[in-house]
Amino acid sequence: MSKGKIIVAMSGGVDSAVTAGLLMEDGYEVIGVNLRTWEYEAPACDTTKKSCCSPEDIRDARDVGISLKIPFYVIKMEKVFQEKVIDRFIEDYQHGKTPNPCVECNTFVKFGALFEKAKALGIDKIATGHYARIARNGERYAIANGIDVGKNQAYYLYGLSQENLKNVIFPLGEMTKPEVRQIARRMGLPVADKSESQEICFIPENDYRKFLEKKNVEFTPGFFKLKDGRIVGKHKGRENFTIGQRKGLGIAWKNPLYVISIEDDGSVILGEENETYNESFSVIDLNFQGLAPLNEGESLECRVQVRYRHIPIRCKITKMKEGLIVHPLEDVRGVTPGQSAVFYPLDSDYLLLGGIISKGSIQMRIVEPAISVLN
């Protein structure tokens, strides 16, 4: 007996292809959908590179649909992608932040807009090839880490709503990448050995500066300064820098210097390694998953992850009128405005909540310089 219809977001890669195949084997009536998010003929896009969502990927997704004998459609998402991902990406850099477009894409395009399309077709369920799982904490749903540590994508999925989480399936959450490729070969899928994308889909070669230039973004020149206000050089645009950056500064100093703050007036503040640790920071634009929303003034000890490959550390969070104040209980450095922070329980691997690290909330503290490795 059929388990009903389900839409599978098919990127053209092996993960989404296996997702579709597994759901078919499990009794679902699978409809494959590819989300066209970017005008690939645009001069900013070099389709010869390994970026996701290219015309080649659309062809590969269609070939998988033919191989599995399922309906396949391409849905135009350029407008919502432009508004929710690209425009915000540009705006964040113009305000001295370092954005994470993959988070916005997952929240507003891959899930938000796709669920709207599914409901318009009378379909409740969607599935993707993310390496993540769904957990329950009482009455609340949450993203939980996939078992493949190297591929775990929970960090990018904190923006999913409770309604999204009730109706999404992640068949690969309990698998490793080698297992997925083995299944693809068993199914005879044409993308079984296809290499993975290595770039942001609209940023060829990950050269965001070139992308901003092609979008006619005006860079904000200014001075390199130390924390005490001393000017140690000039730069051609704060958009060229990110928190924690060491290379490419062009400043001769007795010790290596790092970017520790990017100011509204265009100043880029530099400090030595022992000035890069974070005493506290704030997080805004919160989305609660496994944790019910906190009331203003409530506090909680948990763990925080401040970038994709960061190992979560213990912290104390306090709910403020707008957002959270986070006090790390272990050393952390390079906390970057515009990036996302996600929070886990002390003893479990599901997401409590997540949000955007806010500009203007970074306070530096002096620690022993022996600690020199970015988590």
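We count from 1, first residue shown onward.
Cβ atoms here come from the backbone N, Cα and C positions, even for glycine.
In Swiss-Prot, the ATP site is described by Ala9, Met10, Ser11, Gly12, Gly13, Val14, Asp15, Ser16, Leu35, and among Gly129, Gly138, Gly146 the residue recorded at this site is Gly129. All protein chains shown were included, and the count of other CB atoms within 10 Å of the CB of Gln339 (site 'Interaction with tRNA') stands at 21. With every protein chain in view, the residue among the recorded positions Ala9, Leu35, Cys105 whose Cβ has the most Cβ partners within 10 Å turns out to be Cys105. Remark: His130 (site 'Interaction with tRNA') has Asp15, Gly146, Gln153, Tyr156, Leu157, Phe170, Leu172, Gly173 as non-local neighbours, by Cβ distance under 8 Å and separation of at least 6 in sequence.
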